[in-house]
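See below for the structure under consideration.
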Amino acid sequence: MLRTRIVTAVVLLALIAAALASGSIWPLLVLLSVATGCALWEWLRLTAPGRDAAAVAAGIAMGLLTLGCAWLWQSPTADLSARLTVYAITTRLFVPVVAGIWLLAGTLAVVRGQVEQAPRSILWSLFAIPALYCAWAALALFYMTHGALYLVSMMAVVWVADIGAYFAGRAFGRRKLAPRVSPGKSWEGAIAGAVLVAVYVGACSQWPGTFGHDLAQRWGVPAALAFALLLAALSVMGDLFESLLKRRAGVKDSGSLLPGHGGVYDRIDALVPVAPVALLLSGVVT
């Protein structure tokens, strides 16, 4: 099992590294679109069981939609009016609304932790589409406007929170964070992860070209540290939200596309709510 996890991780890292080193933005944008389509397919399998054909169709449509938006935003031959319209609708309407839903409804769903509820949910199935689209849009815009360092440094907020929570939870975890949803998570781990994220963002505030530096320049260091804590909390919520969906569906993983790791959604669950909020906090959208 460990060998399979390592092989899968190495292959994924090699693909990402090759995309970043290609000299073109398109390989990574294609990878992001494929991942988004796969994640939507997996999400819908959790919230709309028995509708596999519809889930596959939705995943393919999402991949094509995101690629189309990327082309519209990047191609010099694209219609300027269409480009500005799609950009405005995405950044001024979809992203703020989706961020608000995550902060309010997503958090409420996790806090209530109704794991015994039937897995089928029309509302969460419908929300999957704008939620994953906005996560893709945020990551794509970070990359298209500020480059690979900025994108990776933003994504690292989630990784740092996860690593800090994992090791601190194993060493000091006593009080369960959400015992009905994810018994393995503890308050001690979540708090340690958030503190580590604040330290990370504070360090990045001195590193031009990174997400943390952008936050500090835009809002000041104290506010940047506060936002770091918010993003860390959102990453935990995103993880718990997917765990809630999986508990309701009675499955361990969202899928099996990544041997040893589960599904694509399992790998990006914490990033999905963090990315649109990070986009609003950054200077990318003005």
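Glycine is treated like the rest: Cβ placed from N, Cα and C.
As annotated by TrEMBL, transmembrane segment applies to 55-73 (among others). Here the transmembrane segment (55-73) has long-range neighbours at 26, 29-30, 32-34, 36-38, 40-41, 44-45, 48, 79, 82-83, 86-87, 90, 129, 132-133, 136-137, 140-141, 144, meaning same-chain residues at least 6 beyond its ends whose C-beta is under 8 angstroms from one of its own.
Non-local neighbours of the transmembrane segment (93-111) in the same chain are 127, 130-131, 133-134, 137-138, 178, 181, 234, 237-238, 240-241, 244, 273, 276-277, 279-280, 285; each lies 6+ residues outside the stretch with a CB under 8 Å from one of its CB atoms. For 93-111 (among others), the entry in TrEMBL reads transmembrane segment.
Annotation source TrEMBL lists transmembrane segment at 123-143 (among others). Non-local neighbours of the transmembrane segment (123-143) in the same chain are 25, 28-29, 32-33, 36, 39-40, 43-44, 47-48, 58, 62, 65-66, 69-70, 73, 90-91, 94-95, 97-99, 101-102, 150-151, 154-155, 211, 245, 268, 271-273, 275-276, 278-279, 282, 284-285; each lies 6+ residues outside the stretch with a CB under 8 Å from one of its CB atoms.
Per TrEMBL, the feature transmembrane segment maps to 149-168 (among others).
The feature transmembrane segment is assigned by TrEMBL to 189-208 (among others). Sequence-distant contacts of the transmembrane segment (189-208), counting only residues of its own chain at least 6 positions beyond either end whose CB sits under 8 Å from a CB of the stretch, comprise 153, 156-157, 160-170, 172-173, 177, 215-216, 221, 224-225, 227-229, 231-233, 235-236.
Residues or ranges marked as transmembrane segment in TrEMBL: 220-241 (among others). Beyond its flanks by at least six residues, the transmembrane segment (220-241) meets 102-103, 106-107, 109-110, 157-158, 161-162, 165, 177-178, 181-182, 185, 190, 193-194, 197-198, 200-202, 205, 212, 269-274, 277-278, 281 of its own chain at Cβ-Cβ distances under 8 Å.
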